[in-house]
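Peer 1: Pasting a structure here, questions to come.
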Amino acid sequence: MCQLPLPPDSRGMTQLVQTRPGHTPTSRSRRGPGRLRLVLATIAVLATLPYVAIKILWLTGSTIGLKDPDALAGSAMEVANAITLLMELTAAALAVALVLEVGKRIPAWLVQIPMFVGTGLLGGILVLLPVEAIRSAVTTPSAKQTAMTEFDPIAGWVYAMVYGGFAVLGVALLTIFALHSWERWIRPGGWTTRLSTWAPVPTRTRVLTMAHAIGLVAICVAELVVATRLELFGSHSIVAVLLSVVAGAGLIALATRTPGSLRGSSALVVTYVGAAAVAAWGLFFFIVMSLPNPLRGDDPIPTTLAILEFLRGLSGFITVIVASRLRKVRSVPGRRMGNLSARPAKGPQTEGHGTATAE
């Protein structure tokens, strides 16, 4: 902490301000969270209320919104409802915490893990809704899909209410998380520089990363093909393919450092959101297919489809881990990839002109 004298003002008075690196008196921590963030947090909390209300009603024995009163009977569904209720309450709590200063003191893993799942589920829904609207307008449901809809134990208005709340929650919470991540990790971590200024990735790592990106897309395409053959083709499968392509493209951009004009933060965001949706929904469907529950119906689920859902989820998680590791090769200020291999001049080097290093 130091005191820096400023030039005298018009009244001849000398002002003193206290400064410290990375902090100014006008920073957000001094001003509070800001109106936009408070509004977003309020919207996010309100958006959780319909889902929280229906879950509490079901856990207390109510049959509202159920076409089959016995659909949620049994300890398995009670546990499932309790877990999903806890997830929704966690989303509301994070929406509030991340707009306050206390949010920056929460351990990183305690924010990143639930928000990875939340980004995947909610971000996937935001893409799913328009895709489903288009698919419903241009295609006709198969006989199996029609039968599954008729025997669905949950009333249609519940889906409309819940998914509407999810959409609003997704916009508000993901915006809050994006702002929090930008200030806490992305900007301080050097992600905002252009890829052309980053040190190149070793060839072996680059090839393996590109192979993984292609494999991620291949798994989602295979899941789409199998689901179509089983007459279970749906919008979720389309969304998985689309977002796997997005995630794969972002991952390849990070690995190859191309296009050079692209900022690392842009490649990171598309990789993260796409991979999170692929992972979260893949593991969700794997659990639904693997455990007895009224949502899967009475027909047996082919093992191949369940395995593909698991691989899809696992690949999505690996994608984010790989992307985060690709930033470990630090950018070199003032240099571009074309001359990074140039041998540094002998003798003392000035700050900012060393060779590329890994964190």
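Just so it is clear, glycine is given a Cβ too, placed from its N, Cα and C backbone atoms.
Annotations per TrEMBL:
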type	residues	note
REGION	1-31	region 'Disordered'
TRANSMEM	38-59	transmembrane segment
TRANSMEM	79-100	transmembrane segment
TRANSMEM	109-134	transmembrane segment
TRANSMEM	154-179	transmembrane segment
TRANSMEM	207-227	transmembrane segment
TRANSMEM	233-255	transmembrane segment
TRANSMEM	267-291	transmembrane segment
TRANSMEM	303-326	transmembrane segment
REGION	337-359	region 'Disordered'
Peer 1: Compare 38-59, 79-100, 109-134, 233-255 by their Cβ pairs under 8 Å to the transmembrane segment (267-291) and return the stretch that comes out on top.
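Peer 2: Answer is 233-255, with the largest number of Cβ pairs below 8 Å.
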Peer 1: Given pairs 6 or more apart, does the transmembrane segment (154-179) have at least three Cβ pairs under 8 Å with the transmembrane segment (207-227)?
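Peer 2: Result for the transmembrane segment (154-179) with the transmembrane segment (207-227) is no.
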Peer 1: When each of 79-100, 109-134, 207-227, 233-255 is checked against the transmembrane segment (303-326) for Cβ pairs under 8 Å, which one has the most?
Peer 2: 207-227
Peer 1: Would you confirm whether the transmembrane segment (233-255) and the transmembrane segment (79-100) meet the contact rule of 3 or more C-beta pairs below 8 angstroms, pairs 6 or more apart in sequence?
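Peer 2: Per Cβ check, the transmembrane segment (233-255) does not touch the transmembrane segment (79-100).
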Peer 1: Sequence-remote contacts (6 or more beyond its ends) of the transmembrane segment (207-227), Cβ cut-off under 8 Å?
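Peer 2: Answer is 201, 233-234, 237-238, 240-241, 244-245, 247-249, 251-252, 254-256, 275, 278, 302, 304-305, 308-309, 311-312, 315-316, 318-319, 322, 326.
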